Each structure stands twice: as C-alpha cells, then as structure tokens.
Amino acid sequence: MNDAAKPGLAVEFDDVVKDFGTVRVLHGIGFALEPGRVYGLLGENGAGKSTLMKILGGYQPQTSGTIRVNGRPVAFSSSRDAEAEGIVLIHQEFNLADDLSISDNIFLGHEKKRGLLLDNRAMHAESAKVLAKVGLAVDPATKVSRLIVAEKQLVEIAKALARNARLLIMDEPTATLTPSETNRLFRLIEEMRADGVTVIYISHKLDEVERITDEVIVLRDGRFVGRSPTKDISRRQMANMMIGREVNDLFPPRAPVPRETAPALRVTDFSVPGWAEKISFEVRPGEILGFAGLVGAGRTELFEGILGLRKGSGRIELSGRTVTFRSPREAADHGLTYLSEDRKGKGLHVNFGLGENLTLMALERYVKPLLDPSAEHAALEAAVKEYGIRTGTLRNKASALSGGNQQKLALAKVLHPEPKVVVLDEPTRGVDIGAKRDIYFLISRLASQGLAVIVISSELLELIGVAHRVVVMRAGRFSAEVDGAHLTEQELIAHATGTANVDA
Amino acid sequence: MSTPEPSQANATDAVRPRESSAATWRERIQSYGPVAGLILLCLIGTWLNSDFATPENILNVLTRTAFIGIIAVGMCFVIISGGIDLSVGSMAALIAGCVIMLINWAGQAVGSPLAAVLIGALAAIVLGAFLGMIHGLLITRGRIEPFIVTLGTLGIYRAYLTYFSGGGAITLDNALADLYAPVYYGYFLGIPIPVWVFLGVALAGGLVLNRTAYGRYVQAIGSNEQVARYAAVDVDWVKLKTYMLLGACVGVATLLYVPRLGSASPTTGLLWELEAIAAVIVGGTALKGGAGSIAGTVVGAILLSVISNILNLTSIISVYLNAAVQGFVIIAVALLQRSRRT
C-alpha cells in the first residue's frame, strides 16, 4: 500500500479534442502537469473540466489528440486501465454500492483473496488504515447506506488512497464537507503532495483553490485559456479568466427592508423528530430570509417537515391562515413551493424535456381539458428568456443543460405556480460564478416583486450578500437570528458552531 | 505562464448545443423499430403463406390480439409509472367467472336477458377497477412492492376462480350466450367488434398518456418518483388510479372474452400477464418506467400475435415452439434497446 518509492505522474495533454456526436466540447486542449504538485482546474460549468478529467481517468476516449503519462502516450480503454497507471478520479457523484460495507467498497474490483475466498480480515485492516488517514472513525464493516453524505465523500477519498493513486483527480470534494473535515482533507492533500502525488483539484470555491493549490489552470468553452502560479493571481483574476470578462457586482444592491407588513409565512415551534426542535421564524412579503448552519444542522429537514415530506409538528400560518400540509401538493396549493438541494435526485426530471419540467408543478393551468402543448411551449419560451436559460434548442432534455442552466430551470419550475412564499435550498450549489450572479439577481428581483423568499445555504457569503435577515441553526435548534450590521461571516460561523456568547 | 487574451472571450460566445441531432435521430430510429419489425414479419408471412395477407386472416389476428392488447394498454401505464402487475391473467379469469355467474343469476332474477348481459358487462369493468384499487392501496398505503402484491393476488384470484368453478368450468346459460355472442363474433362496418374496442381503448390510452395532466404525472413518477413528489405531484393518488385503470382494462378485455367460449375455467387467461408485459416491452417501453408509448405497445401486441399466426400457417417451425420464438423476439428487442439506456 505504501508505495512512496514510486514518483508522482507527469501528464501532458496534446491537442485533445472531444466530440459528442456533432458537437465539439473540447477544442484541442494542450497543457502539461508536473509530478508532485497540486493543480487547481478552473472553469465554468460546461467549460470541459469534467470531460477532460473523464478522458484522463479512462472513463471516455478522446476523439483525437494525445495524452502522455511520464512522456509515454497512453490510451485507456477503461478506468481500470487508468487506475493501473495510478490515475484515480473521485467523482462528484458518488460511485459507492450502498448495500455493501465500507471495506467492500474500498476494495470493490480489487478484492484481496486467499485462494478462492475473500480475505475480509486483511481488507478490513487496510480499510481501517486508510479511513484513519482521511479521519473517518467508523468501523470498515459499516454499510455505506448508514453513512451521511460527508462520510461517503470521505470513503470515496479513502478508496482512492487504497488504490495507491499517483495522480488523484478530485471533483468538488468539499461540496458536502464541514470546515473541519475540509481542513483534514487539505492536510491530506499536503501529505500526498509531499509524497510526490500529483493532484488535480476541481472546485468552484476559489478560496479553497487559493489555499490548497500550487498552480491554477483555466478552461473556458472547451479551450485552455491560461495558467498561473496560485500565489501570483487573485480570486478576482481567477473569476475573470473563467468568465472571460470582468465580474463585478456578484450581488445585487440590497433592496430596502420591506415595511412592517403581516408575514407571508409564520412558523411557530415547529419540530421534526430527530432533526429540528421548536423552530420559529417568519418571513414577510418582499423579504429574503436566510437559513445558515453546518451540514446536518437540520435546515433541509425542517422545511421537508413543513412541506409534509417528513413527520413534523408545529404551527404554520400562511398569510395569517393556519394550515397543515400532508404533501408538497397541498403546500403548493396554498402558495408555498420548495426547491430541493438535490437537483438530480429531487429537483428535475433529467430525462424529461425542458417544457415538461417547467410546467409540472402548475400543470392544471394547461388543462383545457387536454394539455395544450402550444401553451406549454410558449411558457417555456418565456421562461428561457426571463430566467436566462441557455440551451441549444427548446426541444432539449434537461440532462443536456449545464449545471447552472439546470438550476435556472429548476428555479423557473418552482416559481411557475406563482407561489407567495418560495423556499430555495442551496440555490447555487455546483453552479458556476456567472450563473450564481444571475440567480442572486433573480432572487432579489423576485423579492422586490413581493415574493417572500427563504434561502437555505451553506455558503455564508451568499447569505450575507442577498438576505435581509439570517436564521442560524445548530444541531436542530434555533441558534440565532442575525441582521443588519451583525451580518458578517465571523458572526454566522460563531453561531453555527456554537462558539458565540448568546448575549454578545 | 500566459494570461487570457481579451479577444478570446468573443470567440466563445457561440451557442453550444449540447445534444447532437445524431442522438435524437438514433432515438427516432429506435422508436420506429417495433413498426419496422412488424412490417418485416408481415412480409415474411406473406412470402411464406399466401393465406397470411388475406383480410380474413388479418382480422382474425387483430381479434385475437384484442384481449392482450387492451390489457397491454393498461399495463403500459403501470409500467411507465414504474410498477408492474403480474395478476392480470388470473384477474381476467376471476372476473370472467364472476361475470358469468352474475349474468346467469341476473338472467333469472331480472327477467330481461339484455339487462342481465349489460349488468354483467358493467360489473366486469367495475370489478376490474375494484381489484386494481386493492393493488393500488396495498402498494401506496401498504408500501409493498408491486411485484409482491400482484404475485400474491395472482395466486389468490386464480384459486378463487378454481374454487367457484369446483375445478371445472363456469358456463354461461345458452340463451344468454346467444345474446352475448355478437360482442365477440359480431362485425361493425366489416370489422370485428373486439378490434373496434381495441382501437378505441388504444386511442383513448394514447390521449390520456400524452395529453392529460394525469398522463404527464404517470411519466413523471416513473422517471423519478422523488422529483415528482417534490414537484407537488400527488404520487399515491396517481399510482392508485393507474392500477385501477389497468384493472378496468382487464375488465373490458374480459367482457369481450366471455362470449367467445361462454365459459371460464382454471386455465382462462393463463400467462396473459406475460404476454401483456411482453407487448409493452417489445413496444419500446423500458421496464424501469419513465417513458413509453401506447402506439408501441399496440404494435408490440400485434407483433407477438403475428408471430404465432405465422407459425400456425407455416410448418417451418413447430407450433409448439411458439413461446420460444416470442421469447427470442423479446430478448432481441431488449438487446436493441440496451444502447438507449446507456
């Protein structure tokens, strides 16, 4: 397992082209990576980062061009081939078999055997070692289905370590990690670099890129646009390179706090067993209320409880009327809609067309008494314009859109029933900076039109940038409500982690 | 170390269509696959036996397809919604038995044979929808897998039919059978009644699937149930309606079937569930749900009965191997569909 004698890998891309059907997504990319360094690979969604890395990881062949590893041209026909060279890709979406144990997953496809039988003892022992390295204190025999998302991410990393990676590709590894887990991951990356491992780090979080990488490489629209030592470049410059123009004003000017009006939604002492206890809050028309907290603080579960997706109890008032919802259907009928944080799992039908996705929550409007396809098409045309959804053709499936545009479509979908209150759970997760800006301006515009908006986010800067007030939750309980001058990163972190004096 | 040229930004403003026209072209070919297969089979049939392409034979094939085809239309909804119903053959047998007993009883009690037959026909549909509702409730409220629920009822329904018939046959009284017979043997505008009903059910099914909110919800649930639930679709209610719809289709198929033999026995409707599911799958609907088409299902049902018809008319392959040939076709279709899913 410890094969430190082997050096890291040098990789050279030479005029790599990738076509999907008639569409060229990589336009002759060429750059070289030296062993034992940490590279940040930057680019907007759809820039071609993931495609390029899938080619390097052996998941897809390039259409033309050469990849050289340590000077030798390689052609991987599968990820197994790439792993044999020491190249391991950790996917953004997990590749774990839920019903197998952690140890089974770590050695999946590379099982240790004793004769014909599996050598579980040896595999457990080695698993325990790599788990300790990534800082996951769980028995290797635990089933993966019992882990939370952040732990699954750590198992993915442990799996890569056990494969003895000499070049490790990480795609948004910290999306689900808490700050302390992220710190541990960064220490791990530093250890690997000291070990001579080459690391390619893909992330939209530029502060992390700044912290952990030696050099950044920027792609845009399937082309290499530039590279620079990390220390010589500011975050602002990175963003400008990614977008190809100046980004200023990521956030819209803060709209004035609405006058004292009756709340659009008031929730009193709402509890979701195991997740949230006696949470109370209210949001007025035209107001943007943020929900901050660490992963697992119970924010998503609280709102799933309010929507009737989980067992919950407490008082809910919409525009002054007491209501209870047994399902999102009833909530939508009362003017409350919810955008899930899990875009592919709960937000969009990726195999459906754009129009079918858009109108699904408000289909009754298109029933006359048969569905009216031309009305649906007109609605889609209007939404594409209004929400700035970039798509080649309106007949596309949702899966053909980039992450940012999928997210805009998902937003358009939950707003299509014209709710009075909308809950947006991580509205910019996995979205590039250009789309983020669009979404922030959209949220601000919706609020100024009188919609009550609730934004749940793990990105504190985002809440500080758009919200009028922020409720902080910690371990299922109300921790603080912050507004005005108190709306700072330090204050929110202090409340989210419980290190603030409540009276301060 | 280079820094970006400002001029490069302009070069990349072009729209990036992400789905190639080639992919949709391929999908289109695959959706015409069942039709192409059917045409090919018909050409082979015509070539092998001159009786194949006669109007009588074609109408005969379509009439025989009607039962399975009507059930397959309902099955198509269930499979698109991500479910399955294994019990339809047994359900058809039980409904047939109950309807015959009801008509015989009503023939005596009501006095009017016509009223008795009408009562029986209505009861077939109501009973089918009722049995479907039981499936739907067990699946949604009871949270049991559709496979298991309908595997259970598959045994239950047929056992009750066997019990009611005492192991033999339940037979329609002669006078009533004569009155009822035209429903199967009659013609309207030169086309057998069952074919008209099949056509009507298929057209209605296509309309419901593609042009109503309910149809859209069925596809949404099969494509991703969680997304549908979060998108304020009343998932349980839609599923319940889907099983009731299938039950009603079985009822319609049964009311066409009863006058054919005028009796129900423990072998009535045997293996119909497999033929109906096969018709749906051959028609291009994925067993995992999400997308499918009624037209494909109709073509699939016809295709399967054309195979057995050709085997009956020719002597190249033994009739005893009918099920084997159908099985090969199903597997071949699945192989062709495989590329669509990856």
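The backbone N, Cα and C atoms fix where each Cβ goes, and this holds for glycine too.
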Range annotated as transmembrane segment in TrEMBL, from B:146-164, B:165-183: B:146-164
B:31-49, B:221-239 - the range that TrEMBL marks as transmembrane segment: B:31-49
Long-range Cβ neighbours of the transmembrane segment (B:146-164) (under 8 Å; 6 or more residues past either end): 78, 83-87, 89-91, 93-94, 96-98, 101, 131, 134-135, 138-139, 170, 264, 266, 268, 273
Among B:61-80, B:294-311, B:317-336, stretch most in contact with the transmembrane segment (B:31-49) (C-beta, under 8 angstroms): B:294-311
Segment proximity, the transmembrane segment (B:294-311) to the transmembrane segment (B:61-80), 3 or more C-beta pairs under 8 Å: yes
